[in-house]
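Feature list (source: TrEMBL):
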REPEAT    193-227  repeat 'PPR'
REPEAT    228-262  repeat 'PPR'
REGION    333-355  region 'Disordered'
COMPBIAS  338-353  compositional bias 'Acidic residues'
REPEAT    431-465  repeat 'PPR'
REPEAT    505-539  repeat 'PPR'
REPEAT    540-574  repeat 'PPR'
DOMAIN    548-628  domain 'Pentatricopeptide repeat-containing protein-mitochondrial'
REPEAT    575-609  repeat 'PPR'
């Protein structure tokens, strides 16, 4: 009883198939045959499922390029036929908006879209529009858009989250509006995420409200949020803008001690700053650290490195500058303003912005649009049809592009297949950066055998991995539960990355202990701890705190006491965070009397517990019938109840309190203790004294 439709009816039912036919990917007869011969339908379905994702990505890229060229031309009427293309969807519009040359051109695209009947906005297109409005400081229109989204005007688009709301106001530079949203969020949620603190802190720093920025950072620490790399990027950028390069460098150099990843942006900011003051020796140190961290230099460094090269540092910069130069193999898309309908490929420089070439002064030349994340998503199954389409596209594979592709794959197996495939492509060979990225991804997903394969290969070829990559592998093995593999990598560290300094070895030991604790390999962790101390390497306070917390969760109070004794024997004074860990350990094991003794030692050292620790101690004492002691704790705490922090600074195996003193010392115009109050970490006090001496 199924009525066979005519070919024109099938066109209306399946416009995607029509695109395939128009581009030669399906014979035209397939529009009728599936309905006449059911056996052919399976072939059509396979072609659609296996080939369409790769085809769609390629066709969408061409359409995005055409829209980009039209937005840059003097012929806005050329935009209308492009927007009426059947392939136009939210993906194309979102990326066209993001790559628009100016806010005005992006808004003109939005206005033209109102005439396109088959298009409807999605969350991606609306959020892209919101970001454009924010960057162009059109706050009133931005608020109208947010109200429209939240009122349900757009179907299947969720309400704007607090985080997105804050990001848009931050892009608009509106501190007051961002604070209002943040306050509303904090009223509903006890502690927002770290990024919300970063947004407010960054806005304050941007507006040169130094004291407010420092208070937000203190609030982050005091409320128990853990700073991330972006937190310290804000600090470094702020210090650089205020001319305090040495202070920025101090923060940057201590970041690895806090298990904090140093980013390409941080390197770029510092290299640019030192280049502006002709401190090229500092740049040499940064380039050396960048190699140790396994970070590929960003294109933003090109001018600074070329300037350094001109002053005589040729050998140190030649390879880096050559990597940053435009790849002549990459073609550009070009159109003439007089004939915007004719697009053709042409050899030329890899320029992202408009540029003239030769005698064609009116030509618009653009680097072709390319999104590694979109391509990786289209290749997630890695079927033969997709690989064939990828080969036909004839992309120019560079180290930077391959690293982005590996990062974008959600599946480590697919990333590995791509890694092996791209190694066979003409003109490309893997280097330390692509190998490091692949090893880290495999380790994170627990593919020990594949990591061993790559490690064996780089040993044969004499490639040295960066120290940061080795540390990352050990950390990821802890997350994936492969403690034995982490130990194996640790034992081979000198072979894999060469000589390791004592400070780097301290960090590596800390990572290994953390991974072994996560894998519940307690005996191995204790052996490594003993080995570490016998080598004269004393673990950091937070390493001891992490191990104490681990054994406390397992109920091994004797081991917790032993570790606490080792801290005292090492000549270190426990900080407030370690006292907190010890009090919680005793209370959870119903040893409130011992917890009370720790509390008294803590107060003797002029350290304060956080509110939750005090409450836990009182509750445990009541539970064990020690009512007089509980009352004494309450009475002793009456004078400090109003100033008890919500959370103590610190985190297992990290040192976030170290930088608190440093940044505040350098940006605050008032005495540091007026801002911070009592600094609770003895390690932070010691570091602060050293920095003040500097």
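Cβ coordinates are placed from backbone N, Cα and C, and glycine is handled just like the others.
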Across the repeat 'PPR' (431-465), DSSP labelling yields 27 helix, 0 strand, 8 coil
Please work out the helix, strand and coil residue numbers for the repeat 'PPR' (228-262) from the DSSP assignment.
27 helix, 0 strand, 8 coil
Dominant neighbour of the repeat 'PPR' (505-539) in 228-262, 431-465, 575-609, by Cβ pairs under 8 Å
228-262
With helix taken as DSSP H, G or I, strand as E or B and everything else coil, how many residues of the repeat 'PPR' (505-539) land in each class?
27 helix, 0 strand, 8 coil
Per DSSP, the repeat 'PPR' (575-609) contains 26 helix, 0 strand, 9 coil
